[in-house]
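Features reported for this protein in TrEMBL:
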- ARG74, SER75, GLY76, ASN87, THR91, VAL92, ASP93: substrate binding site (BINDING)
- 25-154: domain 'dUTPase-like' (DOMAIN)
- 144-167: region 'Disordered' (REGION)
Amino acid sequence: MATNAGSTPADAPFVAVRRLDPGIDLPTRAHPGDAGVDLSSTIDVVLEPGHRALVPTGISIALPMGTVGLIHPRSGLAARAGLSIVNTPGTVDSGYRGEIKVCLINLDPHDAITIARGDRIAQLLVQKVELLDFVEVDELDETSRGAGGYGSSGGHAMLGASQPKGV
């Protein structure tokens with residue numbers, strides 16, 4: 001079977017990409033078989049501790065109906081520098097055609113993070129999604145979990161403590 005440069009079968013579904021900034025790489029996988037493709041910054045920005053910035057990627061995409069793009073932090077940048085995404089994962093709906101922007105945040109309490117134009121800043125995963133209708137009902141079926149949430153399943157010593165206000 002023929003494959004393209006990304007080691008995807010040539011007859012596989014694809015994502016149409018529009019390059020808005022000719023100096024920025026198209027989304028690519030770091031390794032064959034990787035789930036996510038890397039997104040790059042089109043700007044230079046310094047994020048001081050606790051600060052955030054909406055960083056453009058220089059691309060727009062057309063996702064097939066029934067899919068969603070989820071923007072995740074890059075694990076190395078998160079672990080080594082404290083760089084994350086405010087609304088992780090960011091959501092790119094299949095009908096959105098604008099530029100993908102990533103709302104980055106510096107979670108490091110002491111050091112600024114410098115992002116240069118062209119740096120890979122996030123990963124985009126494309127996943128199938130169920131497009132279900134929501135129907136109002138008078139009651140929901142009973143389950144063993146019921147309304148338990150926010151630590152109700154345990155698994156950590158602090159979850160046995162009394163609940164904070166509002167939870």
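Glycine residues also receive a Cβ, built from the backbone N, Cα and C atoms like all the rest.
Any TrEMBL annotation is an automated prediction that lacks curation.
Feature map: annotations from TrEMBL on the structure.
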residue	record	DSSP (3 states)
ARG74	substrate binding site	coil
ASN87	substrate binding site	coil
VAL92	substrate binding site	strand
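Mean per-residue pLDDT, taken over the domain 'dUTPase-like' (25-154), amounts to 94. Cβ neighbour count for GLY76 (substrate binding site) (all protein chains, 10 Å cutoff from its Cβ): 10. Binding-site extent for substrate: residues ARG74, SER75, GLY76, ASN87, THR91, VAL92, ASP93, maximum pairwise Cα distance 26 Å (rounded to the nearest whole number).
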